[in-house]
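So that we are looking at the same thing, I have put the structure below in structure tokens.
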Amino acid sequence: MKCLLLALGLALMCGIQATNIPQTMQDLDLQEVAGKWHSVAMAASDISLLDSESAPLRVYIEKLRPTPEDNLEIILREGENKGCAEKKIFAEKTESPAEFKINYLDEDTVFALDTDYKNYLFLCMKNAATPGQSLVCQYLARTQMVDEEIMEKFRRALQPLPGRVQIVPDLTRMAERCRI
């Protein structure tokens with residue numbers, strides 16, 4: 001009987017933790033996310049979007065800058081012609097404070113999945129016409145150090161997203177030309 005109660009208690013505890021998976025944020029303070037960031041991990045619904053340095057959506061976000069109109073300027077680096085190029089993406093605010101419209105390759109939406117503002121930001125890009133087929137997310141950190149607890153939180157945050165999202169291995173151990 002004691003084992004049954006213990007098993008029931010553990011099942012309830014696991015169930016409570018499973019329901020604590022972050023969804024798209026309801027609010028985002030642009031002034032708090034402003035500043036320098038490092039791409040620590042990437043994930044995609046189609047791994048070919050990230051599987052090589054020259055893959056179309058393998059970009060390294062460097063900085064986020066809010067504009068006076070509450071839009072967001074995203075400064076990133078990407079592989080281009082055996083080198084690295086800095087790009088700027090203008091992200092226009094939408095009715096949702098954590099979601100922005102963009103025009104970058106086939107992607108049209110950027111959204112914040114979760115952040116604590118000081119240590120990490122989970123940022124995703126998707127194509128609204130094919131949300132399960134073209135979704136890329138990044139675990140951004142204020143430093144280049146990987147926090148295993150936050151990495152696990154990133155994995156859990158990706159689980160409810162549409163499609164089968166695959167994570168690219170730890171980017172901090174790779175010597176890629178565009179990674180700073």
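Cβ atoms here come from the backbone N, Cα and C positions, even for glycine.
Copied straight from Swiss-Prot:
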DISULFID  C84-C178  disulfide bond
DISULFID  C124-C137  disulfide bond
SIGNAL    1-18  signal peptide
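On this model, are these features tucked inside or out on the surface, and what's nearby?
Within 10 Å of the C-beta of C84 (disulfide bond) we count 16 further C-beta atoms, all protein chains included.
In the three-state DSSP scheme, C137 (disulfide bond) falls into the strand class.
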Taking just the CA atoms, what is the gap between C124 (disulfide bond) and C84 (disulfide bond) in Å?
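Given the Cα positions, C124 (disulfide bond) is 22 Å from C84 (disulfide bond).
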C-alpha of C84 (disulfide bond) to C-alpha of C137 (disulfide bond): distance in Å?
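Checking the Cα atoms of C84 (disulfide bond) and C137 (disulfide bond) gives a distance of 21 Å.
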Report, as a single number, how many Cβ atoms besides its own are within 10 Å of the Cβ of C137 (disulfide bond).
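Other Cβ atoms within 10 Å of C137 (disulfide bond): 23.
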